[in-house]
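Written out below as structure tokens is the structure these notes cover.
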Amino acid sequence: MMQRPTRPSYPPEVPLAGGERYFKGHKPQKGLLGGCAHWMSSAKAPIVACALLLSLVGLVVLGMQLPGSFQRHGSLTRRELTGVQPHHQDESDLEIQAMEGRLAVLLQELQPHWWHLKGIKGEVVDKETRLTAAYAKLAKLEQLDQQREVNITGQLPLKTSEAVLEPGPFTPEQIASMRKRWQAERVEADAYLAKAKEWVSDATWREKEAREDYSHVKDKYWSLRDAADAKLHRLRDSAALLASQPNDVQELLADLAQRGSRRQAPSDESYLDTEAGKAVLSDSHEFYAEGWWGRGDKGPYLPPYPPGAGTQVTSRAAAASELTDLVGPDETVRCRMSGICEGQQACPPKLPDSAQKEERAVREEERLGCITDNTQRQELVRQAALSSWKAYRQHAFGHDEFHPQAETGSEWFGLGLTIIDSLDTLMIMGLTEEVAACRAWIAKDLKMDQDSEVNLFETTIRVLGGLLTAYHLSNGDQLYLIKALELGLRLAPGFKSPSGIPWSDVNLGTHAVASPKWNPASSTSEVTTLAMEYSYLARLTGRTELEDMALKVMQQVADLRPPNGLVPIMISPESGTFASHIVSMGARGDSYYEYLLKTWILLGKPPDHFLLREYKSAMRGIREKLIAQTSASGGLLYVGELHGSRPEPKMDHLVCFFPGLVALGHLHGVETGEAGELPEIELAEALMQTCYEMYRRVPAGLSPEIVFFMHHEKGNDYPKQHMADVGGGDFIVKPADAHYLLRPETMESLFYLWRVTGKQRYREWAWHIFRALHRWCPVRNGAYTSLNSILQIPPPQRDKMESFWLAELLKYLYLILDTSSPHRYPLEEYVFNTEAHPLPVVGSKQGAANRFSHLSLSGAAKGPLHADMHNLAPMLKELEVQTHDLVVPGSQS
């Protein structure tokens with residue numbers, strides 16, 4: 001359940017020309033009668049004092065001339081009717097404004113709860129239908145069994161409802177066999193019935209839970225609305241006492257009545273599904289612009305450039321606006337609720353010294369949008385990486401994972417995951433002291449002979465990949481290569497299965513293998529995302545069997561001839577066949593497609609290689625089966641899923657690696673579009689836009705884990721109506737999917753799009769994402785953490801700093817902002833693995849044999865690490881025996 005953000009009891013101020021103060025949602029205030037209205041609506045107003053003031057008003061109305069500051073000419077203005085000076089702002093009116101903002105929040109909360117409830121109600125109907133069918137099937141079997149027994153007893157031809165199965169007569173053995181088969185059918189039917197009952201029970205329970213969540217938000221709405229209405233009546237009563245100025249009072253009352261009439265809410269669950277309900281949700285977003293938002297313990301927050309404020313835009317902000325595609329004001333929910341705006345609103349003005357300290361601190365956070373120099377931006381990213389690393393080193397050094405709020409570490413594999421995964425980022429950023437600390441820990445404390453299971457895929461891409469890149473970036477420090485070879489050989493038993501498809505988990509000490517506890521199958525993406533690391537390791541060490549071992553798996557999956565080149569997300573290491581009907585570019589499917597292209601590039605782009613053929617085949621399948629658009633005109637292009645033959649408009653944040661992959665393919669001359677289809681680079685840019693909108697159209701400015709896209713028929717103006725909503729009418733975010741895990745995939749694609757196209761907008765988008773990260777994810781010790789919900793402001797923090805925060809996201813962002821010419825790590829010469837560890841292109845085996853011959857780790861190795869190699873030799877020999885029968889000699893083609 002999302003918690004409503006706390007709000008201060010007063011609105012923040014913005015300076016106006018002429019020395020007045022602007023209150024968000026209110027006009028500049030002055031005048032005596034406004035003060036009376038203020039006192040009369042306040043519970044603190046003494047009755048006698050109000051009577052005296054009303055007497056003065058009566059004197060003015062009668063035309064009596066009062067001296068000094070009480071003298072006035074002409075009729076009262078509407079401004080005078082609605083308040084006095086800013087520090088005497090009408091308290092009741094302000095409370096109503098705050099309530100209206102909170103009402104808008106609750107209406108926003110209702111939408112995902114309603115869609116969630118609606119989806120579960122549909123699921124309950126589906127499960128109940130299945131349960132009814134199970135009962136019918138069981139009853140039919142019982143009736144059929146009775147008829148069968150009659151036929152067997154009478155030695156009559158045995159029939160079913162479909163065909164004659166046995167003519168009879170029947171021997172006792174045949175009868176026993178048939179009864180056994182029928183008994184098995186009944187047992188199967190009983191089991192299905194029990195399962196269907198469980199389905200209905202589970203769905204019914206989840207429907208009850210969803211209904212309670214929905215009702216809770218709805219009840220909060222009605223309670224708040226009643227309070228707002230009571231306040232509104234008090235304002236009306238106060239205004240009615242000023243009837244001596246009927247025209248202005250009528251205007252005020254009309255405004256108050258209009259404000260009250262806009263507040264509506266669903267009276268039952270079906271309301272939001274009606275046109276009236278949709279209109280309420282659309283209208284509610286006017287309150288976001290008119291009201292103001294509090295930021296809890298961080299003090300009040302004012303979205304920059306309120307309507308009519310007359311704020312001047314700095315030349316720097318104007319220059320920044322030229323780098324974006326934004327035309328007109330930024331009306332996104334991100335801008336309104338987090339102050340992370342684009343265009344001219346990117347750089348809000350500084351607040352005066354008289355503003356509150358907390359408010360100035362918030363505004364300074366917003367002013368990251370004023371920084372346009374990429375060198376300065378890059379340094380801020382470097383400082384974020386350094387502060388994150390220092391917090392980890394102080395509180396969790398040597399542990400796999402870091403929990404920055406609790407200031408403690410935890411283990412996943414026991415391999416110092418964050419140290420090795422982050423090492424090449426520290427090298428790229430020139431943090432030499434931190435690199436030295438990492439190297440010392442790896443030399444002294446990294447033990448790989450532990451009796452514990454690790455995930456083959458995660459350990460390969462993060463630890464093995466990190467060690468290999470560290471070896472390259474350190475100009476051949478053999479410590480990293482020795483550790484990489486030991487780890488690669490200890491992981492190799494995972495490839496030994498009855499089918500040749502790797503197991504999910506490997507014990508580094510005992511070489512035992514296992515499937516994950518939750519599923520006997522392996523993830524397709526995991527078993528096919530090993531070839532880059534093992535190919536590079538093979539070239540460095542001369543052990544070509546390691547490369548063949550990993551490529552053989554990809555060849556084996558290709559030999560299954562998946563329809564349209566699209567692989568299901570699970571595969572069995574026992575049988576070597578697919579074990580799922582779901583096709584996804586997200587979890588458990590993503591990096592299979594990534595490594596088809598990247599491994600081909602790493603190997604020097606051999607012509608007619610099976611990796612290239614499979615990549616092209618998969619791209620055709622993705623274009624034809626997975627890519628869809630929310631509307632034919634101006635809708636967002638997205639990559640959905642296939643559940644069997646049924647398309648699902650679901651897209652994980654993980655899928656946002658794909659625009660970058662398509663752009664990389666374009667850079668290397670791979671084109672898969674046919675006549676009338678988008679060329680590769682245009683497809684990449686369209687999908688990149690969608691991934692960025694997943695950040696831009698949510699309150700916190702950071703993408704949820706999953707979104708569901710909406711489809712609109714021609715002529716439907718729903719997206720236009722809901723431009724201000726979360727998702728902008730193109731997608732919705734379910735509360736259960738609203739978490740943000742510091743995912744790097746969108747930043748990865750922005751890196752590729754920037755490198756391939758050179759368009760400045762991708763740098764700007766990357767910077768806007770960093771602004772949101774800097775706004776919501778920092779912890780007091782300098783680290784950054786994940787978020788529980790990007791739908792809430794402020795978003796609650798999750799207390800986990802993923803290793804890919806440093807390994808991927810900040811590395812890609814740092815390189816996006818890099819001003820080196822030519823680019824560091826050019827994409828023609830380097831391939832980044834799926835954990836963002838750059839590996840140099842190795843080319844063909846024959847060419848690599850000469851280039852890497854001096855790197856052999858044989859017993860004749862010379863230098864200070866000779867003793868280490870001598871001690872390692874028995875283990876290497878043992879592991880080589882273990883892995884010798886895992887591969888088929890010769891290269892894959």
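Quick reminder: no glycine exception, Cβ is built from N, Cα and C everywhere.
Worth saying up front: this structure is predicted, and the values here are computed from it rather than measured.
If you check TrEMBL, you get these features:
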| type | residues | note |
| --- | --- | --- |
| ACT_SITE | E458 | active site, proton donor |
| ACT_SITE | D590 | active site |
| ACT_SITE | E705 | active site, proton donor |
| ACT_SITE | E745 | active site |
| BINDING | T834 | Ca(2+) binding site |
| DISULFID | C656-C691 | disulfide bond |
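Shown here: features listed in TrEMBL, placed on the structure.
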residue: E458; record: active site, proton donor; Cβ within 10 Å: 20
residue: D590; record: active site; Cβ within 10 Å: 25
residue: C656; record: disulfide bond; Cβ within 10 Å: 29
residue: C691; record: disulfide bond; Cβ within 10 Å: 29
residue: E705; record: active site, proton donor; Cβ within 10 Å: 19
residue: E745; record: active site; Cβ within 10 Å: 25
residue: T834; record: Ca(2+) binding site; Cβ within 10 Å: 24
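Among the recorded positions listed here, namely E458, D590, E705, E745, T834, E745 has its C-alpha nearest to that of C656 (disulfide bond). Distances between the Cα of D590 (active site) and those of the recorded positions E458, C691, E745 are shortest for E745. T834 (Ca(2+) binding site) sits 18 Å from E705 (active site, proton donor), taking the CA atoms of both as reference points.
Distance from the CA of E745 (active site) to the CA of E458 (active site, proton donor) is 16 Å. The two recorded residues, C691 (disulfide bond) and E705 (active site, proton donor), show a Cα separation of 12 Å. You'll find the Cα of E745 (active site) roughly 11 Å from the Cα of E705 (active site, proton donor).
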